[in-house]
């Protein structure tokens with residue numbers, strides 16, 4: 001029986017942070033290790049160029065860092081195919097065919113794109129490549145005939161747009177070449193989109209409000225101790241608010257089943273008064289280090305031989321290209337573009 005196919009990836013615009021980890025990376029490793037799926041994981045460098053076109057060096061430098069993060073969290077090139085988007089030219093050709101099936105108005109209505117345009121402050125100067133990147137995502141997903149796509153909850157509109165393109169293509173060319181994907185979303189609602197340490201809705205390198213998988217223990221400690229809590233909780237003996245308090249939000253995300261009794265007790269104590277922020281932050285630091293310490297150690301080990309890391313990416317890209325080329329042949333045949341066959 002053929003295994004369901006999973007495709008997922010990240011934009012290489014910097015090192016990955018713990019928001020990436022709980023939002024998608026951790027789940028990918030679980031799915032990989034189940035052994036019930038064929039997993040493709042890619043570094044979306046072409047997509048990253050949609051808003052970094054004049055700064056490609058950032059993306060080039062980030063490829064190695066993201067690959068290290070992948071390996072450190074447990075993605076295994078012997079179990080999963082890890083590849084670089086730009087090394088698969090078939091994806092760009094598929095995007096061109098799909099763009100003819102989507103209206104400009106539909107692209108502009110995509111809520112995820114609208115939000116990102118506002119966040120990036122493009123104004124009237126929206127790069128065409130950025131506006132159509134949902135179509136490129138559809139090419140990424142369909143090239144590998146992915147059945148399942150693990151993403152954050154904010155990416156639901158992207159999955160639906162891909163499904164629309166699949167239906168449009170199969171209907172227009174009277175075929176069943178493309179596969180409609182389903183999204184896989186985090187079970188933990190709090191992990192769906194981890195806020196920044198400062199309480200900002202988004203954790204990012206540019207906002208300097210994240211903990212990165214590559215951060216050493218001292219850096220993690222400094223960041224945790226500076227986290228946003230309850231600004232009105234001035235004195236230890238005063239009652240504090242847990243809603244909007246990033247320490248408790250992170251405890252909800254990173255705490256394991258065996259931690260829940262202690263976390264619940266801390267919440268009650270904090271709300272009654274008598275529990276200081278320093279103590280809650282130290283507890284969170286222990287919880288985070290339990291998760292991050294082994295990741296950090298593996299990352300340092302892989303970083304000793306970057307040549308081997310890039311060799312792994314090259315092999316994965318060659319394997320991925322063969323799959324994408326097969327799908328492209330089917331697409332062109334369905335459209336009648338196989339002139340010489």
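Using the three backbone atoms N, Cα and C, a Cβ is placed for every residue, glycine included.
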Per Swiss-Prot, member of 30, 194 binding ATP alongside 11, 12, 13, 19, 20, 152, 153, 154, 202, 203, 204, 205, 206:
194
Quiz question: given the binding-site residues 194, 203, which has the greatest number of C-beta atoms lying within 10 angstroms of its own C-beta?
194
Six or more residues out from either end of the motif ''HIGH' region' (12-20), which same-chain residues have a Cβ under 8 Å from its Cβ atoms?
43-45, 48, 52, 58-59, 62-63, 65-66, 69, 193-194, 203-205, 210-214, 288, 292
Using a 10 Å cut-off on CB atoms, tell me which of the binding-site residues 13, 153 is the least crowded.
153
Cα distance, residue 140 (L-tryptophan binding site) to residue 13 (ATP binding site), nearest Å?
18
What does the DSSP secondary structure composition of the motif ''KMSKS' region' (202-206) look like, as residue counts for helix, strand and coil?
0 helix, 0 strand, 5 coil
